[in-house]
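Participant: First the structure, which I've put down as C-alpha cells, then a few questions once you've had a look.
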Amino acid sequence: MSDSKKSATVVMPRWRQYWVLTKPRVTQLAVFCAVIGMFLATPGMVPYPVLFGGIVGIWLLAGAAFAVNCLIEQAVDAKMKRTSWRPSATGEVTPLHIIIFSIILGSLGMIILWNFCNPLTMWLTLATFVGYAVIYTWLLKPATPQNIVIGGLSGAMPPALGWAAVTNTLSAEAWHLVLIIFVWTPPHFWALALYRRDDYVQSGLPMLPVTHGERFTLLNIVLYTLILIAATMLPYIYGMSGMVYLISAIILGLLFLAYVVALFISYSDALAKKTFRFSITYLSLLFAALLVDHYFL
C-alpha cells in the first residue's frame with residue numbers, strides 16, 4: 001500500500017510500526033542494487049556467507065538509516081499528506097524508541113558485515129548511513145533545493161557496497177554503477193516532488209519545484225535523464241558488459257526519455273506519477289540486464 005493510501009487514524013500492529021520506519025520498499029531497491037554489485041564483482045558465484053551476510057547487514061543498516069530519517073523529519077512528515085501516517089509522525093513510536101531501534105539495527109548490521117564480509121564493507125556502509133541520515137536528511141535537505149543532487153551519493157552507494165563485500169576493494173567498475181544511480185536519483189525524485197509539490201509547500205522544505213517552479217524542474221529532469229543515458233553506456237565502454245546490456249540500456253533509456261519529454265511538453269500530475277513509477281522499473285530492469293549479460297551471455 002502506498003503512502004498516500006495510508007491514514008494516520010489507522011493504528012498498525014506494533015511490529016509493523018517499526019517495519020514501516022525502515023521504508024521497506026526503498027530498502028528492497030537498495031539491497032537489490034547491492035546484490036547486483038556483488039554478482040558483477042566476480043565471474044563465479046558469490047560465496048554464500050558473503051551473499052547472505054551482505055544482504056542482511058546492508059538491509060539492517062539501511063533500515064536504521066531510514067528510521068533515523070523518520071525521526072529527524074518527524075515534524076515535517078506530520079505536515080505532509082504523503083507521510084503523516086508514519087508512526088514517527090503520529091507519535092505511535094516515540095523518539096527514544098526510534099533511537100533504540102536504530103541503534104539495534106545498525107549495531108547488528110555492522111557486526112554481520114564485519115564478520116561475514118569484511119571491515120571495508122562495514123565502514124563504507126556505516127559512512128553511507130551517516131551520509132544519508134545525517135548529512136542529507138539533517139543538513140542538506142532543509143537547506144538547499146539541490147539537496148538530492150549533493151546528497152545523492154549516499155543513496156547511490158549500494159552497488160559499491162556489494163562490490164566491496166565480495167572483493168574487499170572498490171574498483172572503477174563499482175564507481176560506474178554508483179554514477180548510474182547518482183544521476184538517476186534527481187529525475188526520479190523530482191518527478192515525485194512535482195506531483196507532491198503541495199505537500200512540500202506545506203512541509204517548508206526547499207524542494208526544486210517549490211523554489212524554482214515547474215518548468216525549471218522539468219528542464220532539469222530532461223537534462224539529468226540525458227546524462228543518465230550517457231552514464232549507462234559506461235559498463236559497455238569499459239568492458240563490464242556486452243551487447244545485451246547495451247541494447248537494453250538504450251531501449252530503457254529511450255523509454256525513460258520519452259516519459260520525461262512528454263512530461264516536459266504537457267505536464268500533468270498523473271504523468272509525473274507514471275514517470276516516477278517507471279523510473280523505479282527502469283533502474284531495476286537496467287541492473288537486471290547487467291546481471292543477465294554478466295552470467296548468461
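Here the Cβ of each residue, glycine as well, is placed from N, Cα and C on the backbone.
Feature list, courtesy of Swiss-Prot:
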TRANSMEM  26-46  transmembrane segment
TRANSMEM  48-68  transmembrane segment
TRANSMEM  96-116  transmembrane segment
TRANSMEM  120-140  transmembrane segment
TRANSMEM  147-167  transmembrane segment
TRANSMEM  174-194  transmembrane segment
TRANSMEM  218-238  transmembrane segment
TRANSMEM  245-265  transmembrane segment
TRANSMEM  276-296  transmembrane segment
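Walk me through the surroundings of each of these features.
Facilitator: The list of residues near the transmembrane segment (26-46) in space but at least 6 beyond its ends in sequence, with Cβ under 8 angstroms from a Cβ of it, reads 54-55, 58-59, 62-63, 66, 155, 158-163, 165-167, 173-174, 177, 181, 240, 280, 283-284, 287-288, 290-291, 294-295.
If one looks beyond the transmembrane segment (147-167) by at least 6 residues along the same chain, the residues whose Cβ comes under 8 Å of a Cβ in the stretch are 30-31, 33-42, 46-47, 50, 53-54, 58, 62, 113, 117-118, 120-121, 124-125, 128, 131-132, 135-136, 140-141, 173-175, 177-182, 185-186, 189-190, 206-208, 287.
Listed as Cβ neighbours of the transmembrane segment (245-265) (distance under 8 Å, sequence separation of 6 or more from its ends, same chain) are residues 187, 191, 218-219, 221-222, 225-226, 228-229, 232-233, 235-236, 271-272, 274-275, 278-279, 282, 285-286, 289-290, 292-293.
Note on the transmembrane segment (276-296): residues 29, 32-33, 36, 39-40, 159, 177, 180-181, 184, 187-188, 191-192, 195, 232, 235, 240-242, 244-245, 248-249, 252, 255-256, 259 of its chain, located 6 or more positions outside it, place their CB under 8 angstroms from a CB of the stretch.
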Participant: For the transmembrane segment (174-194), could you work out the same-chain residues 6 or more beyond its ends whose Cβ comes under 8 Å from its Cβ atoms?
Facilitator: 33, 36-37, 40-41, 148-149, 152-153, 155-160, 163-164, 200, 207-210, 214, 217-218, 220-221, 224-225, 227-228, 231-232, 234-235, 238, 240, 256, 260, 263, 267, 269, 272-273, 275-276, 279-280, 282-283, 286-287
Participant: Against which stretches of its own chain does the transmembrane segment (48-68) lie, if we need a Cβ under 8 Å and a gap of at least six residues from its ends?
Facilitator: 18, 21-24, 26-27, 30-31, 34-35, 38, 98, 101-103, 105-106, 108-110, 112-113, 115-117, 121-122, 125-126, 128-129, 132-134, 137, 158, 161-162, 165-166
Participant: In the same chain, who gets a Cβ under 8 Å from the transmembrane segment (96-116) while lying at least 6 residues past its ends?
Facilitator: 18, 21-22, 49-50, 52-54, 56-61, 63-65, 67-68, 70-71, 88, 122, 125-126, 129, 165
